[in-house]
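Okay, so here's the structure we're looking at.
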Amino acid sequence: MLFQMWSPTTFTSISSGCRMGVLSEDGTGLRRRGCSCSKEDFLPEESFKSWGNYVSALKATPSRFMDRVLTRSDDKAELEAKSRSHNEMKKTLSWWDLMWFGMGAVIGAGIFVLTGLEARDHAGPAVVLSYVVSGISALLSVFCYTEFAVEIPVAGGSFAYLRVELGEFVAFIAAGNIILEYIIGGAAVARSWTAYLATLCNQEPDDFRIYASALGKDYNHLDPVAIGIIVVVCLFAVFSTKGSSRLNYIASCVHLVVILFIIIAGLIKADTDNYRDFAPYKVRGIFKASAVLFFAYVGFDAVATLAEETKNPARDIPIGLVGSMVITTTLYCLLAVTLCLMQPYKKIDADAPFSVAFKAVGMNWAKYLVAAGALKGTPINATVVMLAATAIVAFFTKLEVLANLLSISTLFIFMLVSVALLVRRYYVTGVTTTANRNKFIACIVLILGSSIGTSAYWGLCEDGWIGYCITVPIWILSTIGIKVFVPHAREPKLWGVPLVPWLPSASIAINIFLLGSIDGDSFIRFGVWTVLLLIYYIFFGLHASYDTAKEYEGNLSLKKTEEGDSPSAASKSIGADHKNGYANPST
């Protein structure tokens, strides 16, 4: 699943995007960073040339921060950044390629493990409805991603889209969560890999794990097998890109064959009595499971990064993205129905549900085929740093913890992309009047506030309903407010999301609502990660970005989220830099 998601292109796009690139001395292209470990390789910007420069940069942090928060890139700047790489992608992909790529990127080991866990503990046979809810949420996000991918065909994906519409600071936070998403996703798949390997060996998963009583309950089942598979597969990917690509396509085909086998053979052994108690955990259980099962949809956003390799983006990307998501959701629902018809939900095995279910219906031989298919979801990342981080997380952390944290990160990013789409349609500097801008901002704040209120009320008040009578109408009226009172500032050139503002507004609402079904401890972990990101940004990322932005200032078209071309705080910071003893690159 994660092989396609975490490609070298994706990682390079995020990394170079955060720094916005560095011109070579002759101004002809990007300065090449080698594999050495000198300070110049990691911190080449002016602010880090000396301790004096760094101290001066820290003193200018407030003004630099405001400059970065208020500065957006634009479509032209992103396309110019792509052209400066001097490595244009060949346009060889069709909608058929994108559809297969999308299914291969999304369908992975998560579906083979989390379906059973959520059916047993949270949803019962109604887990199929949980997949429907997650699928609808993912599909709404797919539409938003698709318009950006068609209009801004660059490899940066959501990072590039957010930098254009919501500014660099928001894009940086999103990039940090994209990295978290891939680390956690890889670790989660590695943990589930151990469960199905144990099935192949007729053992229990914990037989392959080391119990450490001194650690917390969510971190005390150490998984050396997870580390081993990450190392082996990542080394294969790093040293043989072409070979790993072929391996992935073959494995994806095998995976789909196994899924079809499960559905056909499993339904032959179906017992409709297992569906008598369809929703034992009621509606709350369905949504709780849906929030966790969103894990099974992670990966489709990687398809958006292939836009610049697509023959006809306006036609191929919508068909490829939407088509792969519809097919994937259908397969997930059929798998969920099959599992719960084969076995009573209370008897479903949490570690290897499908393999154990086949054993329970007298098809013991089938469990080996299912386990082998589940092992396809290999967590392949492109860099040694990512490998190390993924391996550490996979070694200590339980799958349930990883799945919840991954869902928070992914839902958060998808929500931001939906907000960015509304901004793209309704706010353009120099086009949108001050009055319309203020009305739009008010409506966006109300949409976000009412969505958060609905989610919080759902999470904190199990039996209440009065709160929804307040928050839901506010969301409806806010969306109507954008539709009626704020004119479009930009129309899509090639392909646009239908039903704007309703579709992106609904995407915002459902993504935030699903967050309300995730446990509080997961939000604490997410908060810790966000704080670490902010610390890094304030002390390093902000100053690196500021320096390189000013270096490119003459070549990139930048625009401010505030109206007009009034002098920004950046100019004050530049003056302060001169007073403190070093010249800013923009001067």
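Heads up, the Cβ atoms here are built off N, Cα and C, so glycines get one too.
Owing to the predicted nature of the structure, the values given are computational and were not obtained by experimental measurement.
The region 'Disordered' annotation in TrEMBL covers 559-587.
Annotation source TrEMBL lists transmembrane segment at 98-117 (among others).
Per TrEMBL, transmembrane segment is recorded for 169-190 (among others).
Feature annotation from TrEMBL assigns transmembrane segment to 222-241 (among others).
According to TrEMBL, the feature transmembrane segment maps to 247-268 (among others).
Sequence-distant neighbours of the transmembrane segment (289-307) (same chain, 6+ residues past either end, Cβ-Cβ under 8 Å): 1-2, 4-7, 9-10, 13, 93, 98, 101-102, 105-108, 110-111, 114-115, 117-119, 122-123, 127, 129-131, 133-135, 137-138, 141-142, 145-146, 148-150, 152-158, 181, 185, 188, 313, 317, 320-321, 324-325, 328, 332, 400, 403-404, 406-407, 410-411, 413-414, 514-518. For 289-307 (among others), the entry in TrEMBL reads transmembrane segment.
For 319-341 (among others), the entry in TrEMBL reads transmembrane segment. Cβ atoms under 8 Å from those of the transmembrane segment (319-341) belong to residues 95-103, 106-107, 111, 115-116, 119, 124-125, 127-128, 130-132, 135, 138-139, 142-143, 145-146, 149, 259, 262-263, 266-267, 270-272, 274-275, 296-297, 300, 303-304, 310, 348, 353-354, 357 of the same chain, restricted to positions at least 6 beyond its ends.
For 368-396 (among others), the entry in TrEMBL reads transmembrane segment.
Among residues of the same chain six or more beyond the transmembrane segment (402-428), those with a C-beta under 8 A of the stretch's C-beta atoms are 110, 114, 137-138, 140-141, 144-145, 147-148, 158, 161-162, 164-166, 170, 174, 177-178, 180-181, 184-185, 187-188, 191, 291-292, 294-295, 297-298, 301, 393, 436-437, 440, 444, 448, 482, 486-491, 497, 500-501, 504-505, 507-508, 511-512, 514-515, 518-519, 522-523, 525-526. The transmembrane segment feature in TrEMBL is assigned to 402-428 (among others).
Annotation comment: TrEMBL describes 440-459 (among others) as transmembrane segment. Outside the transmembrane segment (440-459), and at least 6 residues removed from its termini, the chain residues within Cβ reach (under 8 Å) are 287, 419, 422-423, 426-427, 432, 467-468, 470-472, 474-475, 477-479, 481-482, 485-486, 505, 508-509, 512-517.
Summarising the annotation, TrEMBL assigns transmembrane segment to 465-486 (among others).
The transmembrane segment feature in TrEMBL is assigned to 498-518 (among others).
Among the features that TrEMBL reports, transmembrane segment is placed at 524-542 (among others). Below 8 angstroms of C-beta separation, residues 18, 43, 58, 61, 64-65, 68, 169, 172-173, 176-177, 180, 401, 405, 408-409, 412 of the same chain, each at least six residues beyond the ends of the transmembrane segment (524-542), sit close to that stretch.
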Surrounding residues of the transmembrane segment (465-486) on its own chain - C-beta under 8 Å, 6+ positions past either end
422, 426, 436, 439-440, 442-444, 446-447, 449-451, 453-454, 457, 501-502, 505, 509
